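Features of the protein shown, as given by TrEMBL:
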type	residues	note
COMPBIAS	66-75	compositional bias 'Low complexity'
DISULFID	107-171	disulfide bond
DISULFID	120-181	disulfide bond
DISULFID	151-161	disulfide bond
DISULFID	267-277	disulfide bond
DOMAIN	82-182	domain 'SRCR'
DOMAIN	192-300	domain 'SRCR'
REGION	66-88	region 'Disordered'
């Protein structure tokens, strides 16, 4: 026997085999559910003539990015037909499927681990760890596409499983199905930690940098650190969402770690680790020096999720020519176009596109203003407090995205206007009350209140896009920012406006969104 073969045999004999005869059908959620046999303790010959079992896994697009670079989304062959929304951790969330160009949820009737595993594998994760029912990942909004899904576990897609099409009476969003998938170990959580906080969910952010033999812990420059960066840090830590991203950490002791090793961090909010966010290279540039001007986070397992009722915008949109003498307060709050400053006050009028906004909280935590009541700003003219300077942006865009008119809404009163049947109101603005939107409730800004408009006085006739964005500056953390924007097609002929095809930004397929962007305009007022 050659020396090489003797060495290989010796290495093989060093292995400690525990299982043999493993036979899976492919539908099992765990290897332990397969048919298998254990070696007995007194077995002297284990795996005769065999070798250790080896697997080679293909990373899903979520894990395909290289470390130290901004994550590059690999293009799948065609658009995915399933996605997860509302999860605090990678590989978990409410299951949504694509049907006829529109995303919708799945009813939890007969939802089980085998169906959940089909979803997880379709998304490039491992098998499912849990099949969740009762909207435990938050309620969706809009269509419910599937019910009574029955999978064997071998299907390549959830759509290949036997299922029943849903009707309006069959199911409600309180029965939305969700999953938690088994994930590969990446070790990203070992390269980040928090220090100085009152609990393990808060503190100054410390990251590990350097290569083998030169690893060191350091701080992150607080310049431009915000909610999106904090969301990635909390995700990497395995602590869920970010309640706050802090640029100064005076009240958290950094101990003996004082060196700033990362700066210029800019995240989209979807990255798995801070290494995947854009940041300065080896050169650290920080405007303010000192360990107190470094990044900190407060993490939470739950977060709010605001969603605009797009159909109501479409139903309530209209034009009003409002006399200038009725717009003094609105002008004071910058709710008119800049040309209004040179108008012949109090004579003349401004042309306003008005509509109602109904904003739902479909998350798992109440939406609260970032600032406490002590820092709310009183506006004498309208006689109310502003808890957020900018709560909503309103824009009129050309088909190529150029902004031709804009408006904004300060959150002068965030409250529970109405709630679902089993939910009680918590927030009311009267008598300087607490402001917020409870989970399962919605806040209504009626079309007839000040600043609930876009000043289109200077807009020429044509085809446009109406865009509404909630929480545009990411001041308050949410579980999902991709559904904060709403868009509508609209045609303005100089006298009337037709608003149609209103939808939430992530409600359509990529192809449907491309068709929306290529919208050529209406040739008449017949909206099909």
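Yeah, the Cβs are placed from backbone N, Cα and C, and that goes for glycine too.
Note that TrEMBL annotation is computational and uncurated.
Positions of TrEMBL features highlighted on the structure.
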{"residue": "107", "record": "disulfide bond", "Cβ contacts under 8 Å, 6 or more apart": "144, 146, 147, 148, 166, 170, 171, 175, 176, 177"}
{"residue": "120", "record": "disulfide bond", "Cβ contacts under 8 Å, 6 or more apart": "91, 126, 127, 128, 179, 181, 182"}
{"residue": "151", "record": "disulfide bond", "Cβ contacts under 8 Å, 6 or more apart": "112, 114, 115, 117, 118, 158, 161, 162"}
{"residue": "267", "record": "disulfide bond", "Cβ contacts under 8 Å, 6 or more apart": "228, 229, 231, 232, 274, 277, 278"}
In the domain 'SRCR' (82-182), how many residues does DSSP call helix, how many strand, and how many coil?
16 helix, 34 strand, 51 coil
Using the structure shown, find which entry in 161, 277 (the disulfide-bonded residues) has the sparsest Cβ neighbourhood within 10 Å.
161
Summarise the model's confidence over the domain 'SRCR' (82-182) as a mean pLDDT value.
90
Any idea which of the disulfide-bonded residues 171, 181 has the thinnest Cβ neighbourhood at 10 Å?
171
Counts of helix, strand and coil residues, the domain 'SRCR' (192-300), according to DSSP:
17 helix, 35 strand, 57 coil
